[in-house]
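The active site, electrophile annotation in Swiss-Prot covers 96, and the record cites similarity to another entry as its basis. What Swiss-Prot records for 170 is active site, proton acceptor. Residues annotated as substrate binding site in Swiss-Prot, with similarity to another entry given as evidence: 11, 13.
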């Protein structure tokens, strides 16, 4: 099995002030980030410029939390891929469960956003996940695969585009609840997603695509989760706003060394 480069992303969501973002990003950037790990943080849109200015590390990338599915135009309140690129951003989170569940974003809309970003050369952190009711109904894989099928419909089997996709499995019932999926539960889904990729996209590529876990991941549980062979890192919410985020970076680097 080829070694997949570990990936950890910090999703700041709708949190922080200008002063906090400046100091927090500067603190992460000043930390000795292992060169073996890809590290990104995603502040809100209004904090992007502050985060970019505070980032002094070549090992830390700044990401956007969302993007619109069209280019520049009459889309009040939206942000285009072109605008993100103009700021020098290389990464964007797409399809987060809060976008899907609260904002009503559909599988098709998430997929179209991802295609536009990928076509322009960005790396997409593409989120999938099931609700508690869907898990109880034994529809976990069906729901997650449907979200990936929508992406496949947009980008096909293009190796060039899929190479810039990081899949983030985030069980909705675990996000912000403090209820984390067990390593066994998370690994089972990651195995299923990798199997789908091997069968529907590319068998060889399935061994290379990174699938990370998101859902109340923190400094206390990331080591056991990271020991699972198919979990390649984390998309971190609340813990990314705390000093423990750098601890998680180190733990991931050592666990996946």
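Count begins at 1; order follows the chain as displayed.
Cβ atoms are placed via backbone N, Cα and C, with glycine included.
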Lowest local Cβ density (other Cβ within 10 Å) among recorded positions: 13, 96: 13
Residue 11 (substrate binding site), number of other Cβ atoms within 10 Å: 26
Assigned conformation of residue 96 (active site, electrophile) - DSSP reduced to three states: coil
Distance from the residue listed as 'active site, electrophile' back to residue 11 (substrate binding site), taken between C-alpha atoms, in Å: 10
Helix, strand or coil at residue 11 (substrate binding site) [DSSP, three-state]: strand
